[in-house]
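*Asks:* Below: one structure in structure tokens.
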Amino acid sequence: MDPNLMRRILGLGFWVQGFRCFPWLAINFFLKDGLNVDPSTLQLLQNSANLPMVGKPIYGVVSDAVYISGQHRIPYIAIGAFLQAVSWLAIAILSSSGISIFTLSLCLLLSNLGASLAEVANDAIVAEIGKLPATSPKNSPSSSSGELQSFVWIASSAGGVLGNLLGGVAITRYAPQAMFLFFGLTVALQFFITITVRESSLNLPKSSSRVGIRKQLSELSVALQKPEIAYSIAWLAASNAIIPALTGTMFFYQTQHLNIDSSVLGISKVFGQAAMLLWSVIYNCYLKSVPSKKLIAAIQGVMAVFMLSDVLFVKGVYQSMGVPDSLYVTVFSGLLEVLFFFKILPFNILIAQLCPSGCEGSLMALVASATALSFIVSGYLGVALSSFLGVTGSDFSGFPQALLIQAVCTLLPIYWSSCIPDDKKSETSTKYE
């Protein structure tokens, strides 16, 4: 295997995955200012566009079982990049003549379908390489201890930092369709680079035999019968799903009520992505030996603290103390947005270690699907909560109460964190090498 080629392909794939925030920042403003949607509609469209992410287990099973020209990872990355390029270029062209919400939704669904296919294939490669013996550093760019997971996490975070930084600046200088065009050309370039790579040059672990989709589903079912896997995935999904997301309402509160400049929102997201980048480094250097259950539960508690801080922010407490709204949005809002994803890094490493050989793509895709579905449910609950409390784009009187309910819901999953196994990473690494 060429470790440099492996890192280039995965680095590019995860970087583009992180850079997807660039056009999505423009989508928010395009929906609010161009199509004049309200906060609930904005959040419904955002979450509904993520529905293709729920189908990741199907994509994972197909990529595990169905080979295209003797390959079962690289072709799916290429197909995913192609679908994204087509959808974003279509939005860029159509939006100039007035695109409807229905057409925009179809394009966003197609884009997320492509992103899902690419992410499933990339995650499967990481899981496969992570199961190679750590005693062969020359043959493997990582070991089961998580070096490759940290590398791709850094690549994704770097893409997010650049995407949000450029997005925050570009949204004030260029029309949204120009940003859509730029990203469409970026994923088109990824497509052309990917199709030049032969999967055989990556020297991925070979299964003893190729199996059909039915057999692959059977193997996935067997994996899910392991309590440590099934309970862990159930906890991760539930820990997100029961939290009513209020992102659409917060976006309108910051831009409509507080008149926060779009560049500040971009910098806020950059700050969050930089925190994710730093988190991956800190985890890899200092926290790999910490049990996943303790680490993930601690992150869940920190999330609740930040949500309580948002209550004080909306009530104007920080402003009365002399803290500018723009400073709070930059630091605290940026951190809270990414805290949801902090627990995914140790969780994915744990699942990769528990994953039986032969269904890496299927199981990692199921984890991603459960996460996506949980965020969609969370978004719908947030819309219902805002409607129940009478929060609209012009009336935020019930917003502090909604944020308080959100914080309480965030604390609840800590009480059933025993679903996550007490892993000893050194023993687990030895067992699965």
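Even glycines carry a Cβ here, placed using N, Cα and C.
This is the feature table in TrEMBL:
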| type | residues | note |
| --- | --- | --- |
| TRANSMEM | 85-110 | transmembrane segment |
| TRANSMEM | 151-172 | transmembrane segment |
| TRANSMEM | 178-197 | transmembrane segment |
| TRANSMEM | 229-253 | transmembrane segment |
| TRANSMEM | 295-314 | transmembrane segment |
| TRANSMEM | 326-351 | transmembrane segment |
| TRANSMEM | 363-386 | transmembrane segment |
| TRANSMEM | 398-416 | transmembrane segment |
*Asks:* What stretch in 85-110, 151-172, 398-416 has the biggest tally of Cβ pairs under 8 Å against the transmembrane segment (229-253)?
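*Replies:* The stretch with the most contacts is 398-416.
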*Asks:* Answer yes if the transmembrane segment (85-110) and the transmembrane segment (295-314) have at least three CB pairs under 8 Å among residue pairs 6 or more apart in sequence, and no otherwise.
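*Replies:* Contact between the transmembrane segment (85-110) and the transmembrane segment (295-314): absent.
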*Asks:* Do any residues of this chain, six or more beyond the ends of the transmembrane segment (363-386), have a C-beta under 8 angstroms from a C-beta of it, and if so which?
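*Replies:* Distal contacts: 39-40, 43-44, 46-48, 50-51, 53-61, 63, 116, 119-120, 123-124, 126-127, 220, 223-224, 229, 233-234, 236-249, 340, 344, 347-348, 351-352, 355-356, 392, 398, 402, 405-406.
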*Asks:* Grab the same-chain neighbours of the transmembrane segment (326-351) for me: Cβ-Cβ under 8 Å, and only residues 6 or more beyond its ends, written as numbers and ranges.
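*Replies:* Contacts with the transmembrane segment (326-351): 123, 130, 146, 149-150, 153, 229, 232-233, 236, 239-240, 247, 250, 254, 258, 260-261, 264-265, 267-273, 275-276, 279-280, 283, 287-288, 290, 292, 295-296, 299-300, 302-303, 306-307, 309-310, 313, 318, 363-364, 367, 371, 375, 420-421, 423.
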*Asks:* Counting only residues 6+ away from its ends, which parts of the chain sit with a Cβ under 8 Å from the transmembrane segment (295-314)?
*Replies:* 239, 250, 253, 287, 325, 328, 332-333, 335-336, 339-340, 342-343, 346-347, 396, 399-400, 403-404, 406-408, 410-411, 413-414, 417, 420
